[in-house]
């Protein structure tokens, strides 16, 4: 039985981590569907914590084999606010912020925006490092990916 089970709905916890900002970063996610858990992770040499948070969400949605109802839990206010509050305005403003500056990480925001149209996504914020089992596992996966990349 999966640790995060809700019948016929994918539950995912995502997290990004960075050693230095910018620096070596990793992302991790755990997806659960009908009692089966799947762990995914990856790392990059020169990145930021926000890029890794976005990558975790992107890779989570890319891992889905067909259109799904999915709830994604993140501890990133950047991701949560971006997807729920800022994205529509960025798109309407030609991918510029309210201050008329280029949106940071535009490439990843555009990819995430495209992927969210293929699924029924609910975004939920969870406090990081507060003992939440899913968030702790995603954080562990992100940091393990960094360790594997650096050989430490």
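Any Cβ shown, glycine's included, is placed from N, Cα and C.
Note that this is a predicted model, so its numbers are computed, not measured.
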Looking at Swiss-Prot, which one out of 37, 69, 75 binds Mg(2+) 1 in the same site as 15, 53?
75
Given the binding-site residues 15, 75, which one has the fewest other C-beta atoms within 10 angstroms of its C-beta?
75
Residue, out of the binding-site residues 53, 139, whose Cβ gathers the largest set of other Cβ atoms within 10 Å:
53
Can you give me the average pLDDT across the domain 'RNase H type-1' (6-147), rounded to a whole number?
96
Could you state the CA-to-CA distance between residue 75 (Mg(2+) 1 binding site) and residue 139 (Mg(2+) 2 binding site) to the nearest Å?
10
